[in-house]
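Here is the structure we will look at.
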Amino acid sequence: MPTSMLWAVDLFGRVYTLSTAGQYWELCKDVQLEFKRVSAATQCCWGIACDNQVYLYVCSSDVPIRHREEAYENQRWNPMGGFCEKLLPSDRWSWSDVSGLQHRPLDGVALPSPYWEWESDWYVDENFGGEPTEKGGWTYAMDFPATYTRDKKWNSCVRRRKWIRYRRYKSRDTWAKIPSKDDPKELPDPFNDLSVGGWEITEEPVGRLSVWAVSLQGKVWYRENVSHPNPEGSSWSLVDTPGEVVQISCGPHDLIWATLWEGQALVREGICRNNPKGNSWSIVEPPGSENGIMHVSAGVSVVWAITKDRKVWFRRGVNSHNPCGTSWIEMVGEMTMVNVGLNDQVWGISCEDRAVYFRQGVTPSELSGKTWKAIVVGRESDRSHSGSSSSLLSAGCFFGEEVRGSGTESAPSDTDASSEVERQGPERSLPKESLDNSRNLKGSSSKGHESTRNTEDPMENACLAEGQAKAPKTSGPDECHGPAPTPAELPWTNIDLKEPKKASNQPAAGFPETSGLSSLGLFPMGMEEPYGADDHPLWAWVSGGGCAVEAGSALKWFTVQSGLSPSVQTLSLSITPAQTAAWRKQIFQQLTERTKRELESFRHYEQAVEQSVWVKTGALQWWCDWKPHKWVDVRVALEQFTGHDGARDSILFIYYVVHEEKKYLHVFLNEVTVLVPVLNEAKHSFALYTPERTRQRWPVRLAATTEQDMNDWLTLLSLSCCESRKVHGRPSLQAIWSVTCKGDIFVSEPSPDLEAHEHLLPCDQMFWRQMGGHLRIIEANSRGVVWGIGYDHTAWVYTGGYGGGCFQGLASSTSNIYTQSDVKSVYIYENQRWNPVTGYTSRGLPTDRYMWSDVTGLQECTKAGTKPPSLQWTWVSDWYVDFSVLGGTDQEGWQYASDFPASYHGYKTMKDFVRRRCWARKCKLVTSGPWLEVAPIALSDVSIIPESADANGRGHNIALWAVSDKGDVLCRLGVSELNPAGSSWLHVGTDQPFASVSIGACYQVWAVARDGSAFYRGSVSPSQPAGDCWYHIPSPPKQKLTQVSVGQTSVYALDENGNLWYRAGITPSYPQGSSWEHVSNNVRKVSVGPLDQVWVIANKVQGSHGLSRGTVCRRMGVQPREPKGQGWDYGIGGGWDHISVRANATRAPRNMSRDQEAHGPGPVCC
């Protein structure tokens, strides 16, 4: 789970953040402002300061926020002077936008606010539809509203060119004031409340936010055009309400609730993709007539509320179809406010002790949770206090008395112990008023939502005889600490508290004064702390809109050891998990060596049993190879025997019945090349391949009744195959990695003769074993760095382990295995045909496709009948319309065409008689494997530099390039064998979004844009990892490229039609090459290795018995003088979707024949 932030404001207006992986509240970097309340999203936070102005805090990121400004220069031809700026009176402006309706001179385009800066000056865009234009960037047409082309024709009477300029948002990690322009709609009064949400509105474009605000006059305002490229938005618009609003809350989806002065709640209805502001309000009555609602918080499927008597309420039956819900349920506890974050997790601030509480037990099946638990972590400034007290460990009375004192008490609860540890210490710096209040509160108790108890500090008991003042410690939400007034004395809007005075810094009685103790009363930069060193902060507001906490996740906010002082706690925390893991590994290594020494003395004894046999039997289903092709019940037996030399081998027997005659089929597991799970909605099945069955494209398919049974058999058979081939442990540095269309990861160890020119090993004899995890793309390097990308664009890095998933605990490493999740979408299509009576309906012709089908129209797929890809996946969303399909859509998501097998477009014409609409639904898989997440940027492609075995690059960092899901090109810094995840991203500017990137062995970087154009990055080197500029490379004629792969000297590219192209003419003096040469068709993915070897995933391969889709293929005959090769060698398939051979730098033995010697030396880096 990636780290995220919980935001909070204390009573003094200071903004703090708490990481889900942290144990301290960190003060916001910009401390000049004091805030009343904040509302957070994933990448930003909005707030209302004490000056009643709205501010925006955008978190820093390696990827900048860039916005492209465009202007078009228009010219018309005349017989006197040719093309000039003199236009006809009916023409558009000489400088305009793309439509020509708006005047847009270059000097008239200004920055929207002081928080933006220009990246460069205006320059001409010489890219037109993926093809480079002539010098000057002009495109020509017969008239302005016509279609433009790159080439000038005899009837080209007008021309235009596009000027572009990028601006960058520079206000990161600081509060930026939202500008208020002088216009008639300027705010009449200051803001009182603000809420951010709506980033997951169904069908909403990624990055859009909904910002709602309430003024002191009770009016509701909406911020227009807030999105990731435009974080400030454009303007405020007034939203009519039936009454005066006090407070408003916007959930991540389409829930918006507000509270009225009269105590009722307002619910906004009609929110959708095309209308994020909604269209009407509905009134919801409060739980009781005596106490109205004063605070609400909306989530994804929940709404929580606080009434005027501080009671907490949960709204039942809330969802997108019924935003008003059904009824109120009273919850335990009294809060001043609550906030619902991501995944419907809830935080609140207690009205008694002003502490932040987290609602535990919130799950999709139990949205109300189970209990409140206090967050007991301290502030980051408290680290020096707890750390300096560690020097007192040498004082015997301190450590001994504390242990004796703690032993006389009963074990406290987690919350009590955490609060007690947080407030203990060898020196008290509480103000005198606070100590007096503590004495007055001694022995008192109040009614609350959780059981509380009073405990005394054992440290103070030990030092009471020395004259140290004893202050009883209180904990729990029902006790008040420090100068906090009672709830009745707290104003709702204006909080004006005086800072408590500091107590004099004197050393504790009985302890020598040390530098560590004296530092407890000092604060950095002369800044006074509003709390004592042992006080917990008093909170006024909390926001979890950007805090992602999954149900059941272990947080460090509550796990503080009970009965230990801060000094002992600091000591225990100083032992890092890495040190603990190293200590365990050392013990394991010593035990292993001892076992070897003890067994060495008995090796000369003869074995008592020369040969052993082990058999496992079970019942499975087998897909019959002959008619009628169907699943039949069979008995299977795995017989494993150990030979005289200790080698193990296994045979799998499949017993079946044909026409009442018993027969069997046997497979030697040392001949099995791969065991692969099969994507099946209704069966837990897997396939077994041998070299012969790989050539036939007809594997042995088996199915189990349960997923656990299938995993058991799959694990056992895979382990037996690995033992037969003596393959164990983590993959080698030269391993070949691949991914199936199901997301399963497979790895193969290359033999020395795999890339030999003579007597090479056929691909169908390669042995593949499965690794735990789930990925869509994988990329490897010969120095052991392996990265992968999931279906949800999450980046993962290989940890060095092996196994995981179904192999956990049996054929898996004990360390470096972590939980991994992935999310993908399932798509179905709604088809309709037009008729003159009723228009478009779901009644088609008898020859038409199904009205609910897949993308091909050949298979019927309804909403109710469509299931997740396999039983391992679970639905995590409802069906929604997908507006991002190729060709565009109208406002309702429809695409139109003349007939179903034709091309679709997003607008209706007179000849369009059919239409379709794409529906999507997300599903999630949770597994485990040797992978760690690389946060926080989502990626769509990644490339690691391939290095040959004799390359002298061990001293340099490993070059890694990637493309984000938004199309940004990134370069990863700090990647090495010891740190495969790297340290940070370096953004590489582009003029358009990219789709693919690849770096070669000599730091030659090639990339493909989303419009199909190719680019080469110049001057990339270890000292200049990002290079200097992009060179536009013309694509193959009438083709749009989708992927590129670069080896040592070879560059291969793939177009959208499955054609494979080779870039010819690449030399050290001209690394861009001269032309594209066609190599093959029927290709889905390509991977070029450090030896310029070429491997692909073929779309279709015909075998002797069947057809396979997605087959691993190797290009044969690739040599320095024949870089394109001469044919294909077909390997494992089908169902494979990605392969990476960029780690395989294993050269063939040097028994070169005369023919090989005639080819001359190897390739030279460009």
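Note: Cβ is positioned from N, Cα and C throughout, glycine not excepted.
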Checklist outcome for this item: Here Swiss-Prot annotates region 'Disordered', and of 367-386, 887-906, 1147-1166 the range meant is 1147-1166
Checklist outcome for this item: Students should find that the Cβ of S943 (phosphoserine) has, within 10 Å, a number of other Cβ atoms equal to 26
Next on the checklist: Using Cβ atoms and a strict cutoff of less than 8 Å, what residues sit near the repeat 'TECPR 1' (209-240) while being 6 or more residues removed from its termini?
Outcome noted: 41, 43-44, 46, 54, 56, 58, 65-67, 112-113, 115, 169, 176, 178-181, 183, 185, 187-199, 201, 246-248, 250, 256, 258, 261, 276-277
Item to check | Composition by DSSP (helix, strand, coil) of residues within the repeat 'TECPR 1' (209-240) | outcome: 0 helix, 15 strand, 17 coil
Next on the checklist: Can you break down the repeat 'TECPR 3' (301-332) into helix, strand and coil residue counts using DSSP?
Outcome noted: 0 helix, 17 strand, 15 coil
Item to check | For the repeat 'TECPR 5' (734-761): best-contacting stretch of 344-376, 958-989, 1092-1132, by Cβ pairs under 8 Å | outcome: 1092-1132
Checklist entry - Where does S943 (phosphoserine) sit in DSSP terms: helix, strand, or coil? => result strand
Item to check | Model confidence over the repeat 'TECPR 9' (1092-1132) (mean pLDDT, whole number) | outcome: 89
